[in-house]
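TrEMBL has this to say about the protein:
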- 21-40: transmembrane segment (TRANSMEM)
- 52-74: transmembrane segment (TRANSMEM)
- 105-122: transmembrane segment (TRANSMEM)
- 151-168: transmembrane segment (TRANSMEM)
- 188-206: transmembrane segment (TRANSMEM)
- 226-251: transmembrane segment (TRANSMEM)
Amino acid sequence: MPYTLVHPAAVLPLRRLTGGLLMPSALVVGAMAPDLVGYMPLPRVGLLSHEWLGVVTVAPLLSLVVLALFHGLLKRPLTDLAPAPLRRRLAGPVNGFRWRSWKSAAVILLSTVVGAATHVLWDDLTHGTYVDWGLDPVIGGFTGTQLVQDGSSVVGLVALVWWAVAWYRKAPEGEDPRVLTHTARTVVRLLLAAGILLSAASALVFPPRPLNGEWPTGFGLAWYHATNMLLAGVGTGFLLITLYGVGWTAYRLTRRRTQPV
């Protein structure tokens, strides 16, 4: 299936097409929400999240939880880890999110539903719901359906990189919102990188058995290992980043209390 982190590529043009109505972060989270359920021990809910009923039920609820976690705990600590030029460009977006009115709450909810709809539509298009891409091996043991799924993921990744580069070139710089010292920032970066790499390496050394019980061969085996390493790294990275966010927030609050008025 198309990779979770690539799904936001489908929502890139939507804010402009809707005249700036939709909320970017809610669109992005909504576009990933149906897959995020898969990380929870709720298999039936995971299946529902990939149906059109789940687009207006499970996906928005999960999206709101993730948005609260991101905006309330993670975005400022993550911004503090970025290089100085990027931090200054993120200063505006980091402080620009508001959901204190019924109107903004409605826009956020609508954005999560639209984002989730793009996810389900993309999955349906690449899973043969509308077009039969074939289940016979075509290249390296990959079926036509797998090639369409993985190929669309590559296209989505290229689109995300292109958008990020274009945004970076145009984004205005604000005041540096840093809290960490240079040394502390370096230590945190190294610890996060080490944890993610160790988790990815463990997925390579101790890979899970394929669902069909048959190990792929050739390029298919390499792709299988790469996918498992990516999933393991992302899962561990999210956990470590959340712990870092808690620590960063506590440090920031403590520093505020100890500063002279």
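Please read every residue number as a count from 1 along the shown chain.
Note that Cβ sites are derived from N, Cα and C of the backbone, with glycine treated the same way.
Using a cut-off of 8 Å between Cβ atoms, the transmembrane segment (52-74) and the transmembrane segment (226-251) share at least three residue pairs, counting only pairs 6 or more apart in sequence. Away from its own ends, the transmembrane segment (105-122) comes close to residues 2, 7-8, 10-11, 14, 21-23, 26-35, 49-52, 54-56, 59-60, 63-64, 67, 99, 152 of its chain (Cβ-Cβ under 8 Å, at least six residues beyond either end).
Sequence-distant contacts of the transmembrane segment (188-206) (same chain, six or more residues past either end, CB-CB distance under 8 Å): 81, 180, 225, 228-233, 235-237, 240-241, 244.
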